[in-house]
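First the structure, in the form of structure tokens, and then the observations on it.
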Amino acid sequence: MIQTFALWVSSVFLKLSSSIIPEGKSLSVCLPCPYYSGLMGTLRDLQFALQLKIEELRQRDALIDELELELDAKDDLIRRLQGELDRLRLSAPGASADGQQRASSLRVRRKALLTEPVTLEPKLVLQKPPISHSKSQESQRLIESALAENEFMKYLDRDQIRCLVDSAYPITLQQGVSVVQEGDNGTQAYIVEEGKLEASRASQRLHIIEPGMMFEELALIHNHTCSTTVTALVNSRLWVMEGQVFQRIMQRNGLAAITQSLHILRSVALLCVFPEDVLVKVSDSLEESHYSDGDYIIQNGNPGDKLYILSQGQVKVLEKHSAGEESMIVSVLTRGDCFGERGDDVRSMSALAAGDVTCLVIDREVFKKVTGGLDDARKNPSNKARSKADEDGSAFGETSLSSFQVLCNLGEGQYGHTQLVHLKSDSNCKFALKTIRKQVIQSPGQRERILAEKHILMDLQSLFIVRLHCTYKDAQCLYMLMEACEGGDLWNLLRERGSLEEDAVRFYAACVLEALSVLHAKDIVHRDLKPENVLLDQRGYAKLTGFGCAKKLGSLHRAWSFCGSVGYQPPEVILHQGHSLSADLWALGMLLYELLNGSPLFPGSERLKVYTASLKGIDELEFPKPISRTAAHLIKSLCRLNPSERLGQRNGVKDICKHMWFEGFDWEGLQKGTLTPPVIPNVPCVSDHGGSELLPETHTEAAPLDDSGWDVDF
């Protein structure tokens, strides 16, 4: 600013001089003495004023720098004091109930949700559309308007809204009748066409629901406990939408999109030889590009690093045989044609758009990775891991529950509890024993998930994944003997420190990436990445756990369950559109944000508001100061609304590791275990824990015997 002002004044002076002094003459010759003296005085005054202005601006800049430093220091102080305040609210014996409630809301362990879709058979979903109910055009417009104005439903596309409108059916309510009761299991959403209703909680009136308004929309996403009672104040008419029908509509829509992509890929001669699961992976890696008439898609002499599939329009292929010759049209490509497949280091021909053109583009290296050597990538690591797991299991083949002694309880879960145990024959050989009570495993879906978790963990071998050594069972419980990680989890670390330094977050993120690389190589999606599921071992290295929501993807490379923890679920999971490995990339971005900032990107206990915020995306959000620009760029790259655009979707976690935020990170040291972790846990010795015998009588409550045999493979 100062230099700019000085240059401006100098330029004015030069222009003034040149305008009044002829070329080759001096100022003293051209002007009378009194006039010359007056002009020189004016110039001296200007120079003095300029010096004063420069000094004033310099002092102002210095003050701004000083204030910015002071502001940064106060931001750090506020963050530290906020963390200390949260801890005091939780630990102070005289804290008020309100204060404790506010503090607990800041750092509460999140429970994962997992609901299976209505059906897992894609052909059945596509062949059997939802039942349609007739309605007048006026009713259709009312329902469409209510959906379009709803903060959550407005993110549906036109076809999804049309199907949902068709599926709605009418009910009538008499005055005084309640359509929803507080505490009920909510499975339906409603739109008011006529009448007036009142929403209340604990007999306290909350608000009035009038025609054109929608309520209980959370039931479309998943079953939930109704938080209000809704009663008709006058005779009313409502339109009802079933949650299961909504989920089927979304699943059908997603399957139709995949089917269309597969149809295009199967029409390509180069790709039709590949099986369906490979084509789905190719589809996930494609990027849609649009070109106008006359645009060069490929130009002679450019690097040949991409493969193109013509989705819409026509493309002219031009070739030049010798220098100086004009390019000649050698062929015209149409929908389904593939070009750029020769893989030359430098393009020997050009491709020109003839009219508007849409192409599906994939990087050549990604294409080779997805299609080439796929069997080796799929079979060899899996077999190696299985044989190693079998060897490890055989080492515990002669042990039983009576071989262990309990040291302490580590925590309670949805289906049971986890204890720290050690071998009686070797007190230094410690494990985490997870006990699952059969009596709480009622539905076939729950049983399938327990068995799937066991099989997935037994197939995984990584220094960055909590290891399952072996399993036991009796008539009452199932037991999983797992690697003991006594350093706590990142949730506890956040609770103690408020937030983490960037270098610490980088270390833990790298550990998680190592774990995800193993999972994704086996087509396993974790689906519940969060601080609670990242444990620290005695060295301070992070290990991924919490595989209750994990799933091995099938041939369509999609899962349709509603699962994960609130605030960490990507939009495609919330909307039941079908999700793939990229769901973990979104959750990784959310994890980075929470570790750096100390609180989730989407905080709050109202699920619908969190879901709606997630659907809006984060591209336009301004991140707080603790998050650097490079970290913010990485987080936003991981959390793109379109799953195919997320960093790591096309070329795996390798692309994330190459991001500038990880520049200079010692990946080799991490993999070898020579890198010093940011936090070294204080792990108590065996004698500090005490101990007790692990006997069936130690179960806190008697469980009925279960000899149905569903756990024969456990």
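Here the Cβ of each residue, glycine as well, is placed from N, Cα and C on the backbone.
The Cβ of Lys438 (ATP binding site) has 24 other Cβ atoms within 10 Å, all protein chains considered. What TrEMBL lists as ATP binding site is Lys438.
Look at TrEMBL and you will find 64-91 tagged as coiled coil.
Annotation comment: TrEMBL describes 152-267 (among others) as domain 'Cyclic nucleotide-binding'.
This prediction places the mean pLDDT of the domain 'Cyclic nucleotide-binding' (270-388) at 77. What TrEMBL records for 270-388 (among others) is domain 'Cyclic nucleotide-binding'.
Positions annotated as domain 'Protein kinase' by TrEMBL: 404-662.
According to TrEMBL, the feature domain 'AGC-kinase C-terminal' maps to 663-714.
Taken from TrEMBL, the feature region 'Disordered' covers 690-714.
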Pull the DSSP breakdown for the domain 'Cyclic nucleotide-binding' (152-267) and write it out as helix, strand, coil residue counts. 41 helix, 43 strand, 32 coil
